[in-house]
Amino acid sequence: MNDVFLKALPVLQKLTTAGFEAYFVGGSVRDYLLNRTISDVDIATSAFPEEVKEIFQTSYDTGIAHGTVTVRENNEFYEVTTFRTEGTYEDFRRPSEVTFIRSLEEDLKRRDFTMNAIAMDEHFALQDPFSGQLAIQNKEIKAVGKASERFHEDALRMMRAVRFLSQLDFELDKETEKALESQIELLQHTSVERITVEWLKMMKGKAAKRAIELLLKVKMETYLPGLKDEKSALSEFASWDWEKRTTEESIWLGLVVAVKPNNVNAFLKAWKLPNKTIQLVNKAYQDALKMKETWLKDELYHAGKAVFSLVNELNVIRGKENNQHKVSQAYEALPIHSKKDLAITGADLLKWSGESAGPWVKETLDKVECGVLSNEINNEKIQIKRWLGYHEE
């Protein structure tokens, strides 16, 4: 049995010893059945939150309104959630009310897909009222109950369906795909932040190309930031070899290269990306458009290692030669990598000249930077001083 389950087993045992039901549920059970890596576990129980808190010496009310208590066991923290049913969904994401219950099956009934609605007890026996194991065996993503109801409850489940297709290389069952297509407009009610998370997970999957093809088939792109009417661009984007991707930034660079938005900055901001990512992708965009494989010395210098590495990564994804080693060698051979590497500063110029500060200081440093970069002058203080015409003291 997987070590992650064995380590968490005392949590289940304490709950069952106290007279309650307790199970591992959700993605960890699914991934165990698929022989995938398991990083953490979710635990569901018939014990109500206050009852859970009485059983464990250390607990935290991390999501008690929805039945979740975090407990500490053997110096590890585990989320324990009470079986529950949910009322109507008012915003296509959150239920209007949550009712704690004692029935495992009723709890599993509210979950998104049958493969995620399997529970495993302390003896590692499975409870599978919705035939999730069969769906896994058939490599099928099938909604629990009516797919239309599950998507209406939380519209993000539609993106999760496409993401799971990519990650697991599964297919959607006919009813689930039909509901996905008929209710796709509900995705507009989902926050961009949640969409971005699912998009990245989808792109990191082994079947990203098929996932994008399904996404286009159901017109999901209409409700993704900046991708409305970009079907042909996304088809091109999907055709590249994304299994060669090593960074998240290459996904965003690839997307802007395919879509060619008028304002790259605004396009990336619409996805709510970190400023650091936006700046890097924006800087790399023009070079990536040219599919630059050879770099002049000043181009390498002004681009910087992060940019040329990212451009090279996208080139490889797009089927070009991997020039990372060659370009890295050329970059490392540069006499300087930024103006900060110069052997002189503005203070030196003021001292040597005896003049007051002004625009001339920056202009002179720029001149020295160009001189050093072109090997016209060595990056040594005394040589630079002579080169600028200042006499030895």
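Cβ atoms are placed via backbone N, Cα and C, with glycine included.
Here Swiss-Prot flags GLY27, ARG30, ARG111, ASP154, ARG157, ARG160, ARG163 as CTP binding site, drawing on sequence analysis. Sequence-distant contacts of ARG111 (CTP binding site), defined by Cβ-Cβ distance under 8 angstroms and a gap of at least six in the same chain, are GLY26, ALA117, VAL144.
Counting Cβ atoms from all protein chains shown, ARG30 (CTP binding site) has 23 others lying within 10 Å of its own Cβ. Feature annotation from Swiss-Prot assigns ATP binding site to GLY27, ARG30, ARG111, ASP154, ARG157, ARG160, ARG163.
Swiss-Prot lists ASP40, ASP42 with the feature Mg(2+) binding site, giving sequence analysis as the kind of evidence. Long-range neighbours of ASP40 (Mg(2+) binding site) (same chain, six or more residues apart, CB within less than 8 Å of its CB): VAL4, SER28.
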Rounded to a whole number, how many Å is the Cα of ARG30 (CTP binding site) away from the Cα of ASP42 (Mg(2+) binding site)?
11
Inside 10 Å of the Cβ of ASP154 (CTP binding site), count up the other Cβ atoms and send me the figure.
21
Winner by Cβ contact number (other Cβ atoms within 10 Å) across the binding-site residues GLY27, ARG157, ARG160, ARG163:
ARG157
Under a criterion of Cβ-Cβ distance under 8 Å and sequence separation of at least 6, what residues of the same chain contact ASP42 (Mg(2+) binding site)?
PHE24, VAL25, GLY26, GLY27, SER28, GLU79, THR81
